[in-house]
Each structure stands twice: as structure tokens, then as C-alpha cells.
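Novice: Here's a structure for you.
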């Protein structure tokens, strides 16, 4: 239990005066859209499409979305909203599984560290766009190589867009070159990253990137300085403006020569790749990555909802918006890739870097072709910053909320800002190694291992815990009590059978078909892959370690008794506010009854009933939880 209800109109004021609620429901939906729609929609989804057979990737992607993504999204939203607790507190449902919450925190920590590094590179490009001529327009810079071939020629003559095609025709003479690179790609690799020859060669810290990382963390902290009260206002802009820029770039992209061939590459399926487990594994991890399942953020954001909010409707709106944005961004990317491939005389698959480089190579190249290109560059990188920040807000809030809920004292709730500051400073310091010359290698290693199969494991265990340990009938009743209607039959089937089965199948299949990570032609050394696996396991290992700890400290003379007691719902499990604790959560007697006498009464009166309903949740009462928080049960 978190606190007492506010007297008066709950619509006008926070229901939960101690913890706070969203200002209104639009803030929650926009925040969740900003959380789900992130950098991954621009640089990860098109990249996975491009790597996994174009349109063929859509098939496993939509299957994973319908049978795993949306059901898990709804599950996490309802889970957090029902208890009004973050990703640690919700595991009062079955305390032995609290390690899943710690696993979510570890995943959010890893993602939060490297995600902000990608945002800071966008900040860097944003600042470097404040010029009359974009620095990646031509090939006559100190960092360029003889292989550089620009789409606007090699001099700074006033080449108008009208005669770009004439310049391009001259490039056909050098088609026989063994390797051609664009000025934007060389700017990215040789100047921005000044990339080293391997993951073990850190080189020096790139001070401009480090400065931008500090700026990025300061912005995130300021937007979260008042928690969801301040971030809820910021998202009105950060969650909507990116669509304006995407639309402008889409219109510009499809009018470019060769855009059609790029879009065909995007949509034409290479069905032979559908048999590759990597394609299905990427589809599953992309759904979790993009929707934010298993990060803990969805549970956290939903915990600030009012108890009777229709989170079922919200989950459909947010999931469909996110998926549509991914596909839409893919059109924008591939129209530009088709344009570049056409003029360089190569296949679409050869024109761009992998991973984040796609957004920092393909897009900047296209922007040099637009009239007043610095203005469009500023807009585009501002959009990237906003997309990233929307996700970063929730990642940081997830960690802060988990800490504040767990400690739960009045002091820490009042001084939540200091917790936010502390987490931001730690996040900045841990991100410093990613600003070195080997930073991109580590960033991609974290992306491929820390936030991949571990998400699948966490989601699967969460489904098993809620549906089979706590009991699907109990959870369906909880959702019905909260929403006023039970979960639709499709979601009940997915939660119990389909989602866990598909997730388990993908996990096994991915392990069997595992291929080590590479970056362009660079093959990662085996010691770095060991570190990658260690990062992946560090989130999953929390689950068995905490489970063993919980069993050890639970009451009981035998192992089975301890196990049974460790999975029983905490007496404090249920709605946070007294006014919502109805049905089997209702307390007996006057509302102001003290906690301790109530526990004694329950022991005397309910022993037989508790024995008969071992599989059910039993009677619960508001009272002190593990965080020594004693609520006032007055309505």
C-alpha cells in the first residue's frame, strides 16, 4: 500500500496524494508512445529489415507483435496500474520472483547507459549542423580518403540541385573502383568516432562527444526533476514533433531518383531468410526492444495511472502507433538508400553502414541534397534527440521509481529529485567509456547482448509467474475489478499459452543458430563476446539468485513449505488505495481499523478458508510492506 486517497474529487486531484498520478490520461499515452517510439524505430527496425531479407522480415515481426508484443504490453500496463508500484514493488504478487524486477532494473541500466550515448551523438550532429555548409557534404576535408565519392561533387562550387544528375553521370566512370564511400560515412567513421582498429584499443576520449553526453544527461535530469509531473508536460512536444519531420523527409525522399528501387528492396521479401533463426530472434527482440517489454518502464509508467484507467485501450493505441512508426520510418530510410545506391551504381544492400551508423550516414547524406540543408539537418537531428529522450525519460524514471518505492520512507519520497540526480550522475560516468575511439564497438556489443535474449527470458518468466504461480483466474479477476470487464479471450489465451510458447521456442532456436556479432568487416574477439554474454546473463541471473534467497528466509521447516510460502502473495499485494480494495481485498470492520489487530483477526477467523484457497490469493490487507511504510487506510 502506498498511501491514502485524497478527499474530494479524484478526477481533479491525484488519487494517490503521496506518490502522485499523471496530470491526465493524454500525458500517459504520449509518454508511453514516446517510450515505445524511439531511436530503434529509425535506426534499428530499418536495419533489421535490411539485414533480414527486406519485406520477409515483416512476417515474423507482425506475428511477434500480435501474439507476443501487444499481449505483453497489456499485461505489463495492467500489472503496474493494479498495484501502483514500480518494477520491484509489483512482485508482492509472488515475492520469490522479485528477481525478475531486479533483472528489469539491470536491463534498463544497460540500455540507459548506451542509449544516451546515441542521443549525445545526435546532439553532436545537431550542433555541427549550425553552419552554412554541412561538414559531410564534400570530400575535400582532412579526414576524407581517396575512396570518397560525394553526391555533390568534390568542390564547393555552387552546384544546384538541377545539375546534380549531371554530376552523378560523371560518377559512372569510377564504378570500377573496388570501394567507394560517401563523405557522410567518412565523416562518421574518421571524424566523429575516429574509430580505433578494435574493441580493445580504447584510444582517447572524444571530448566533443563527452561534452554532448553531459548535455544529454543534464536535459534528461531537468525534464525529470519533478518526476512524471514535469516529464508529462514535456512529452506533449517530444512525442508529436518527430512525426512532422518524418513526414517532411518522407515526401522529400520519395521524390528522389532511385527511391523506388530502395522501397522495392524494403518491401520485396527474400523468403529463404525466413528459415534463419536469427531473423525470428531479431523479430522477437525488436518487438521487446521497441515496445519496451521487460524493461520495467511500462510497469513504472502505468503505476502512475488512476486505478480505473482503461489500460487495455491504451495498450492497443500505443502498440499500433509504435509499429506503424517503424514501418513509416523504414520507407523514409529506404527511399534515401535507393537514391544513394542508384547514383553510386551499387546494390541497395551495399550503400550504408550497419546499426546506429544508418541514421548517421544515410540520413546526413540525403540532407545535403535538400535546399537549405543545414536547416533540415537541424530539424532531423532534433527529431532524433526527441525520439531518444522520450525513451530515456522512462528508463531513468524506472530506476528512480524502483529505488524510491523500495525504500519508501517519507524522506525519500519528498527528496526524490536527489535520487534522480544520483542515478543521472552514475549513468553519465558509466557512459564515459562509450565516448572513446572504441566506443561504437562497445555500444553495439551492449545492444546485441545486454538487450536481446535476456528480455525474452524475463518476459517468459513474468508470464509464467502471473499466469501459473499467482494463477490466471486470480489475475483475470484483478483486471476485471480494475477495468470493469475481463481481459478479452484472445489475450487470455496469449498470456497463458501462446506468448510463453513462442518466446521459449524463439529462445531455444536462437541459441542453436547463434552467430557471433560483427561490425562491418570487424570480427569481435572471443574475450569481448564473453563480456557480452556476461552482460546478458547479469540480468537473468538475478532471478534464480533472489529466488534461492527468498526461499532460504521464508518460514517453514521443510524446503517445500519454504517454497510454498515464498510464492504466496504478500499480505500487502493488491490495490494501493483503501477505496479500491474491494471483493477479496476488502477489509472487515471500520475503515480506520489498525493493521496489527486486523492481522490477528484474520488469523483467527480465516485459517480454514485460507487452507481451502491455497491457489487463490486469499484475503489481503493494507499494511506495512517490506519497505516499512505504514499507510493511513482512511478514505
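Here the Cβ of each residue, glycine as well, is placed from N, Cα and C on the backbone.
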Novice: Of the residue ranges 490-514, 565-589, 590-614, which one carries the transmembrane segment annotation in TrEMBL?
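Specialist: Here TrEMBL associates transmembrane segment with the stretch 490-514.
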Novice: Which residue range, 160-185, 316-341, is the one TrEMBL calls transmembrane segment?
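Specialist: My reading of TrEMBL: the transmembrane segment range is 316-341.
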Novice: Give the range, chosen from 9-27, 28-46, that TrEMBL lists as transmembrane segment.
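Specialist: Checking TrEMBL against the ranges 9-27, 28-46, the transmembrane segment one is 28-46.
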Novice: Within 8 Å of the centroid of the Cβ atoms of 34, 36, 37, 41, 290, 322, 387, which other residues of that chain place their own Cβ, given that this set defines the recorded Na(+) site?
Specialist: 33, 35, 38, 40, 321, 325, 326, 390, 391
Novice: How many Å separate the Cα atoms of residue 322 (Na(+) binding site) and residue 139 (disulfide bond)?
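Specialist: Pair distance, Cα basis, whole Å: 37 Å.
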Novice: Which sequence-distant residues neighbour the transmembrane segment (375-396)? Criterion: at least 6 residues beyond either end, Cβ under 8 Å.
Specialist: 31, 33-39, 41-42, 108, 111-112, 115-116, 118-119, 122-123, 125-126, 129-130, 134, 216, 219-221, 223-224, 231, 234-235, 237-239, 241-242, 245-246, 248-249, 292, 295, 297, 300-301, 359, 363-364, 367, 420, 423-424, 427
Novice: What same-chain residues lie close to the transmembrane segment (100-127): Cβ under 8 Å, and 6 or more beyond its ends?
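Specialist: Apart from its flanks, the transmembrane segment (100-127) reaches 38-39, 43, 87-91, 192, 208-209, 212-213, 215-217, 220, 294-297, 299, 356, 359-360, 364, 377-378, 381-382, 384-385, 388-389, 391-392, 395-396, 398-399, 402, 427-428, 430-431, 434-435, 439, 442-443, 446-447, 450-451, 454-455, 458, 461-462, 465, 535, 538-540, 542-543, 546.
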Novice: Where, among 240-267, 417-443, 449-470, do we find the most CB pairs under 8 A to the transmembrane segment (58-79)?
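Specialist: Ranking 240-267, 417-443, 449-470 by Cβ pairs under 8 Å to the transmembrane segment (58-79) puts 449-470 first.
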Novice: Taking 10 A as the limit, how many CB atoms besides its own sit near the CB of residue 37 (Na(+) binding site)?
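Specialist: Taking all protein chains shown, residue 37 (Na(+) binding site) has 27 Cβ neighbours within 10 Å.
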Novice: What stretch of 28-46, 287-304, 449-470 shows the most Cβ pairs under 8 Å to the transmembrane segment (316-341)?
Specialist: 28-46
Novice: To the nearest whole angstrom, what is the C-alpha distance linking residue 148 (disulfide bond) and residue 387 (Na(+) binding site)?
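Specialist: One finds 31 Å between the Cα atoms of these residues.
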